[in-house]
Amino acid sequence: MFISISAGIVTFLLTLVEIPAFIQFYRKAQITGQQMHEDVKQHQAKAGTPTMGGLVFLITSVLVAFFFALFSSQFSNNVGMILFILVLYGLVGFLDDFLKVFRKINEGLNPKQKLALQLLGGVIFYLFYERGGDILSVFGYPVHLGFFYIFFALFWLVGFSNAVNLTDGVDGLASISVVISLSAYGVIAYVQGQMDILLVILAMIGGLLGFFIFNHKPAKVFMGDVGSLALGGMLAAISMALHQEWTLLIIGIVYVFETTSVMMQVSYFKLTGGKRIFRMTPVHHHFELGGLSGKGNPWSEWKVDFFFWGVGLLASLLTLAILYLM
């Protein structure tokens, strides 16, 4: 436990030092910053804010977790595969950000390219991580999927990777939402005695907390796709490594809600010839523009943050209660 906590503290302190240096480099190099949604007027002032900050906490967390696990004899197959997903999905996000920022390609990687790379990572993860006989845990009950587990694994990894990416649209929202989710999985890992996975979790929590100091409103830096895609893949990988896949539907309710809002909006728009359910999706923008109903007073980014963080925290506590108190 001491090693895991130490990894988190080291990552936190390193990120505190590295992020300001990253921002300074970004400014001096006159790199074009984040582009903003035209429909959210209050975001226009953020245009040009340095992005790709996720590269800093991602590299730092992965290296700290790797070396701490290695030198404490806690490096396992599961740790290796979680770090692999972080690196590969982070690379996908980096390529996406790179094309947007340096090549001026607004959409970055096209959907097919992004999906292909995410699926590749999922296949490799499936082949090497300790699966326990391709058993899917559904509310604590084992379901033997056999070969079909690979399809679930791919759906889980790609789905939650993109879901966290959609959540990253308000200052600080994604970073603390993931901290809350990882904290819940940290408890599960501790109870299961999987200290190797706990080490990786605490290392990333440390990095995210250090990053949040510069990412809360008004954000001085954004994580970019390099951070959000990696974090979503990490959550999915951890849920599978702990054999508690179903828990991510509750622990990750914020990401599920954000993604579902986009799917509902697109489907309803097509079916009705242009009508909308929400003022704007992902749904955090709906709250920004008109509060909970979409027709009231706009919510500040802090209010949106605390609403979603509160939902995520309650969902995480509910999950732990279901697992250990019922």
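Note that Cβ sites are derived from N, Cα and C of the backbone, with glycine treated the same way.
The shown structure was predicted, so the numbers you read here are calculated from the model rather than taken from an experiment.
If you look up Swiss-Prot, you'll see 3-23, 51-71, 79-99, 115-135, 138-158, 169-189, 195-215, 221-243, 306-326 marked as transmembrane segment, on the strength of sequence analysis.
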Result, the transmembrane segment (195-215) in contact with the transmembrane segment (51-71) (3+ CB pairs under 8 Å): yes
Criterion met for the transmembrane segment (221-243) and the transmembrane segment (306-326) (at least three Cβ pairs under 8 Å): no
Considering the transmembrane segment (79-99), which listed stretch of 169-189, 195-215, 306-326 counts the most C-beta pairs under 8 Å: 195-215
In contact by Cβ distance (the transmembrane segment (115-135), the transmembrane segment (306-326); 3 or more pairs under 8 Å): no
Intrachain residues whose Cβ lies under 8 Å of the transmembrane segment (169-189), provided they are six or more past its termini: 37, 195, 197-198, 201-202, 204-205, 208-209, 211-212, 215-219, 223, 227-228, 231, 235, 238-239, 242, 244, 247-248, 251-252, 254-255, 282, 284-285, 288, 301, 304-305, 308-309, 312-313, 316-317, 319-320, 323
